[in-house]
Amino acid sequence: MTATLERRESASLWERFCSWITSTDNRLYIGWFGVLMIPTLLTATTVYIIAFIAAPPVDIDGIREPVAGSLLYGNNIITGAVIPSSASIGIHFYPIWEAASLDEWLYNGGPYQLIVDHFLLGVCGWIGREWEFSYRLGMRPWISVAFTAPVAAASAVFLVYPIGQGSFSDGMPLGISGTFNFMLVFQAEHNILMHPFHQLGVAGVFGGSLFSAMHGSLVTSSLIRETTENESANYGYKFGQEEETYNIVAAHGYFGRLIFQYASFNNSRALHFFLGLWPVVGIWFTALGIMTMAFNLNGFNFNQSVVDSQGRVINTWADILNRANLGMEVMHERNAHNFPLDLAAGESLPVALTAPAVNG
């Protein structure tokens with residue numbers, strides 16, 4: 001009997017690279033979507049840090065009045081921001097090679113587009129990487145589905161809203177006070193507080209926080225003790241164990257008696273599906289609301305909707321909100337030639353019954 005030994009052909013460099021990229025044994029899973037995610041997020045992060053520290057002022061309104069947003073130009077952590085691209089650029093794609101010089105690119109807010117575009121590509125790559133990793137481990141894809149909610153929200157404020165408004169200068173500035181400024185201006189121009197999709201988003205975020213706190217406290221309070229009184233309860237568990245960690249029957253009974261019977265779940269799958277579904281759907285609706293308001297399908301307007309028998313207006317909270325919106329709009333549009341149309345086109349509202357006497 002003759003035995004023949006053959007040398008095994010070594011895998012090519014490409015095959016070894018593919019095996020390494022898709023290996024679930026790596027300390028951090030990379031995956032093919034990670035090949036897209038890693039360079040784009042690194043680019044966005046690097047440019048953001050540099051721009052936040054040292055970017056020169058940007059002509060955001062396209063009227064030769066640059067606005068400084070970086071730390072080296074007098075801002076602090078709270079007031080600093082990466083200023084959106086100039087209104088003179090509109091929604092045109094504005095990479096570095098489209099500008100006549102680097103100074104012109106910086107003056108027109110080119111870093112904002114570079115950061116936003118790479119960031120959105122990166123977070124989409126993160127979604128794909130979550131799905132890919134789950135697939136290779138034999139898990140179901142709901143982790144990546146849940147992450148579509150924040151990605152939809154980011155896409156709404158950084159991409160869809162500027163496109164709908166006709167300029168990337170209307171996008172959300174990349175900073176703390178810039179975010180609040182964006183929120184105030186958005187309310188002034190679109191009355192988002194009166195939009196049902198935003199209200200669903202508020203219910204999703206605050207409701208999700210409440211349900212998460214309730215669930216965590218109930219689980220922690222109903223752990224099954226596997227140790228003695230002299231040992232920490234944490235020593236009685238190991239990651240991936242088959243046995244239940246907590247007593248869902250006890251938690252269900254406690255909560256059912258605290259409120260009422262049908263307010264609690266006695267099925268762990270249904271409970272956790274609900275905990276994941278509630279905030280995700282709420283944020284989906286908020287993102288959808290931003291996208292509809294991007295094209296000026298705004299919140300409800302109930303201004304001057306209540307009148308008495310003589311036809312005189314009885315002011316409601318909607319009218320107070322409208323007055324606040326007009327005030328925020330005036331503060332936002334600080335140039336006379338940009339005077340808000342909703343103020344310029346309507347009848348003048350008296351703010352004083354008599355003119356003040358001026359002594360001088």
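Here the Cβ of each residue, glycine as well, is placed from N, Cα and C on the backbone.
Of the candidate ranges 29-46, 47-64, Swiss-Prot annotates residues 29-46 with the feature transmembrane segment. Comparing Cβ neighbour counts within 10 Å across the recorded positions Tyr161, Phe265, the minimum falls on Phe265.
Reported as a whole number, the C-alpha separation between Glu189 ([CaMn4O5] cluster binding site) and His215 (quinone binding site) equals 39 Å. Asp170 ([CaMn4O5] cluster binding site) has His118 as its nearest neighbour among the binding-site residues His118, Ser264, Phe265, His272, going by CA to CA distance. When Cα-Cα distances from His332 ([CaMn4O5] cluster binding site) are compared across the recorded positions His118, Tyr161, His190, His272, the shortest belongs to His190.
Ranked by Cβ pairs under 8 Å to the transmembrane segment (197-218), the stretches 118-133, 142-156, 274-288 are led by 274-288.
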